[in-house]
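Working notes, beginning with the structure itself.
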Amino acid sequence: MLLNILAIILVFVISSQSEAVIPGCDYFDTVDISHIPKLNDSYAYEELIIPAHLTGLYTFRQLADGSQEPVKSHLRACICKLKPCIRFCCPRNKMMPNSRCSDGLTENLKRINPYLKITLEDGTIGKYYLLTDMIVLRYEFRYCEKVVSVQEDQYKLYENGSFMIKPDVNWTLSKQWYCLHPRLEDPNSIWILEHVYIPKSMPAVPQVGTISMVGCILTIAVYLYIKKLRNLLGKCFICYVFCKFVQYLIWAGGDLNLWNNICSLAGYTNYFFALASHFWLSVMSHQIWKNLRLINRDERSYHFLIYNIYGWGTPAIMTAITYLVDWAWEDRPDKLNWIPGVGLYRCWINTYDWSAMIYLYGPMLILSLFNVVTFILTVNHIMKIKSSVKSSTQQQRKCIQNNDFLLYLRLSVMMGVTGISEVITYFVKRHKFWRQVLRVPNFFHLGSGIVVFVLFILKRSTFQMIMERISGPRRQQPAS
């Protein structure tokens, strides 16, 4: 009896595993049908009846390079076995659940001549009407190496989904490495976007970002709690840490797919606070250098107002410009290298193409160079002052050296010296060796919330101010 039960369980497990992936079907020929109810052992998808043997449960998402990412178990159907499939691009901010897109492609195709020629396996060429003879699959925009406009006689589309551009040069793309975009102004041509492989992000990024977010919250709370810390520089520091907190919050929400319905809004918000954080770093660099040089440190209220206009106003203007550029060239694939692309590839600005240098890394480079120069001048000024003070004992010299290291480390963080590593990463990101080398400063930047909490909160003077704030002002003892 026990053996029979074990045999039944074994058969069930084997059969379940065999149905997990559809036999003889490429992953990129499948669509998610988990939202479609089963009817008479089949599924209805866009007026097609899909038999059960062409469906299967998938627990992964396959990437273009063949690697897999684990996802929630869902039902997929090998739709391209029933009709030829064609793959059109969809902006990330227009993607809907179950691989749908809200960009109005169907209406646009009706206004042009939506016919495509397909070379079949036997070598014959058939002419297919996109809206009835084919299944239109929607793929998210991915980073593109090339955007090419081809006429009807300049390409061959094969039945297996491969796309040959300009047959005389034999440039062929597999179905997972491209998507199409219609040219409404020229119905006899079409845009083809060749995808590129983007390396996966560093490990433990979500975890480090979440811990950094907590560090930012605690740092802001302490600075708001202790009045002595809320001087002009302290207020600027709070603004900077708040910018980092919002960035970490948006990143964490993106990992949890919370911004799917507001992808563009999340992207522009993240862009604004990313720029603002660098502008506030330059404000603090200027203020530290100014405090060091001036004997009379007069902190008038309008100074902070001016800093606010600069620290928040300039990023707001730049964010408005990026929005207008995206809006003006939204349906122009030939302008992909010129637009910020917020919400196009992901809920963030396009950081792969050289356009990122215009909208993000260019301003960051200018601000980072200013911060580095100011930091060098500040350290040089401090060293000159300290060199005039001679320590009497070796123990005192060692103590001063340790304090100097922490001082310079805190200054480097508050003055944004490490921010230049982001710009360097942009320039060398296509080189595997340098990407690995720059992981250390990138992790330092990613964990800046942890760093500021450790360096500026977990120190003796801050603890003393917290204890004084808790216990209240000390009362003077009366003379006896």
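Each position is counted from 1, following the chain as shown.
Cβ from N, Cα, C; glycine included.
Remember, predicted model here, so these are calculated numbers, not experimental data.
Listed in Swiss-Prot:
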- 1-20: signal peptide (SIGNAL)
- Cys25-Cys78: disulfide bond (DISULFID)
- Asn40: N-linked glycosylation site (CARBOHYD)
- Cys80-Cys85: disulfide bond (DISULFID)
- Cys89-Cys179: disulfide bond (DISULFID)
- Cys90-Cys101: disulfide bond (DISULFID)
- Asn160: N-linked glycosylation site (CARBOHYD)
- Asn170: N-linked glycosylation site (CARBOHYD)
- 203-225: transmembrane segment (TRANSMEM)
- 226-231: topological domain 'Cytoplasmic' (TOPO_DOM)
- 232-254: transmembrane segment (TRANSMEM)
- 264-283: transmembrane segment (TRANSMEM)
- 284-303: topological domain 'Cytoplasmic' (TOPO_DOM)
- 304-326: transmembrane segment (TRANSMEM)
- 357-379: transmembrane segment (TRANSMEM)
- 380-405: topological domain 'Cytoplasmic' (TOPO_DOM)
- 406-428: transmembrane segment (TRANSMEM)
- 438-457: transmembrane segment (TRANSMEM)
- 458-480: topological domain 'Cytoplasmic' (TOPO_DOM)
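Structure coloured by features recorded in Swiss-Prot.
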| residue | record | Cβ within 10 Å |
| --- | --- | --- |
| Cys25 | disulfide bond | 18 |
| Cys78 | disulfide bond | 21 |
| Cys80 | disulfide bond | 23 |
| Cys85 | disulfide bond | 20 |
| Cys89 | disulfide bond | 25 |
| Cys90 | disulfide bond | 23 |
| Cys101 | disulfide bond | 19 |
| Asn160 | N-linked glycosylation site | 16 |
| Asn170 | N-linked glycosylation site | 8 |
| Cys179 | disulfide bond | 25 |
Counting Cβ pairs closer than 8 Å to the transmembrane segment (203-225), the top stretch among 232-254, 264-283, 357-379, 406-428, 438-457 is 438-457
Could you tell me the C-alpha distance between Cys85 (disulfide bond) and Cys179 (disulfide bond) in angstrom, no decimals?
12
Return the average pLDDT for the topological domain 'Cytoplasmic' (284-303) as a whole number.
79
Residue list, the transmembrane segment (264-283) vs rest of chain: Cβ under 8 Å, 6 or more residues beyond ends.
93, 236, 239-240, 243-244, 246-247, 250-251, 253-254, 307, 310-312, 314-316, 318-319, 322-323, 340, 342-343, 346-349, 359-360, 363-364, 367-368, 370-371, 414-416, 419
Which disulfide-bonded residues from the set Cys80, Cys89, Cys179 come within 10 angstroms of Cys101 (disulfide bond), judged by C-alpha positions?
Cys89
Provide the number of Cβ atoms within 10 Å of the Cβ of Asn40 (N-linked glycosylation site), excluding the reference atom itself.
8
When DSSP is mapped onto helix/strand/coil, what comes out for Cys179 (disulfide bond)?
strand
Cys85 (disulfide bond): secondary structure state under DSSP, collapsed to three categories
strand
